[in-house]
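S.K.: Dropping the structure in here first, questions after.
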Amino acid sequence: MNRIDPETAPATGAPVVVFDLDGTLLDTAHDLIGAVNRVMAEEGLPPIEVDPHRVTVGRGGRAMVAAALAAAEVPHDEERLDRLTLRFVELYMDNVADRTVPFPNVEAALDRLAAAGIVLAVCTNKRVGLAEALFAAIGWTDRFAAVCGGDSFDVRKPEPGHILLTIAAAGGDPAAAVMVGDSAADIDAARAAGIPVVGVTFGYTPTPVRDLGPDAVIDDFADLWPALLEIAPPALAARLGATDETAPIGA
Ligand SMILES: O=C(O)COP(=O)(O)O
Ligand SMILES: [Mg+2]
């Protein structure tokens, strides 16, 4: 599934939509915070609630473990945080898809874009092994031309190279690309890469996504198609416009 070497990726230069994972495609918060809470239980510490910690999810496992320790008013050094983050990853891997579901209308939107001949890719700061295990568990293994994680390259969001290398790995054309994401890392990376970006309002960000400066905002994946038509570079817009441009994407 994962073609992360831009040297060997097919240079098709295809129109491509790149998706963030946590908080954009999949509602992963319950399983992530569940794993944090299993770490807390092992340490004899109290659990955290999904709310208000849901907003921390976009900052990764280490930040979530740190937030849980802070909530328990436990002082922690880097060594303890490293150890507990590793344990978190092990426990998350064991229950990676217990309560994780796609956000509404995601699968219909992906199907419709794929049917229009648009290359789909995932650029996540999640470890790529976790992303692949999660996709296998929910039957998404063949959905994407490339799935690139926070450890796939030497760069990760908000560095623009993470998105650009993901596009290369998928055989996409960065001049015919749009990013879709939920947090500052996604929007900052896309802007730095010169790629238009759609922000979703249902993800994991302490700052409302509208305030992060995306080119378009959607509340539901049913609205992705018209948002893409508005902001996509010409080669991608042409591919979208060549198919039915009036129906909502989830229809
Ligand atoms: O795991 C993280 O750090 C966040 O993951 P995301 O980039 O898919 O939102
Ligand atoms: Mg995210």
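Keep in mind that glycine also has a Cβ here, set from the backbone N, Cα and C atoms.
What you see is a predicted model, and the numbers here were worked out from it, not measured in a lab.
Feature annotation from TrEMBL assigns Mg(2+) binding site to Asp20, Asp22, Asp182. Look at TrEMBL and you will find Asp20 tagged as active site, nucleophile.
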S.K.: If you count Cβ atoms within 10 Å of the Cβ of Asp182 (Mg(2+) binding site), leaving out that atom itself, what do you get?
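M.R.: Excluding its own Cβ, the number within 10 Å is 28.
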S.K.: Using the Cβ center of Asp20, Asp22, Asp182 as the Mg(2+) site position, which other residues in that chain lie within 8 Å, going by their Cβ?
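M.R.: The surrounding set, listed in chain order, is Leu21, Gly23, Thr24, Leu25, Gly58, Thr124, Gly181, Ser183, Asp186, Val200, Gly203, Tyr204.
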S.K.: Compile a sequence-ordered list of residues in the same chain as Asp20 (Mg(2+) binding site), six or more apart from it, whose Cβ lies below 8 A from its Cβ; state 'none' when nothing qualifies.
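M.R.: Looking at Cβ-Cβ distances below 8 Å from Asp20 (Mg(2+) binding site), excluding near sequence neighbours, one finds Val122, Cys123, Thr124, Lys157, Met179, Val180, Gly181, Asp182, Ser183, Asp186, Gly203.
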S.K.: Under DSSP, is Asp22 (Mg(2+) binding site) part of a helix or a strand, or is it coil?
M.R.: strand
S.K.: Using a 10 Å radius around its CB, how many other CB atoms surround Asp22 (Mg(2+) binding site)?
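M.R.: Taking every protein chain into account, the count is 26.
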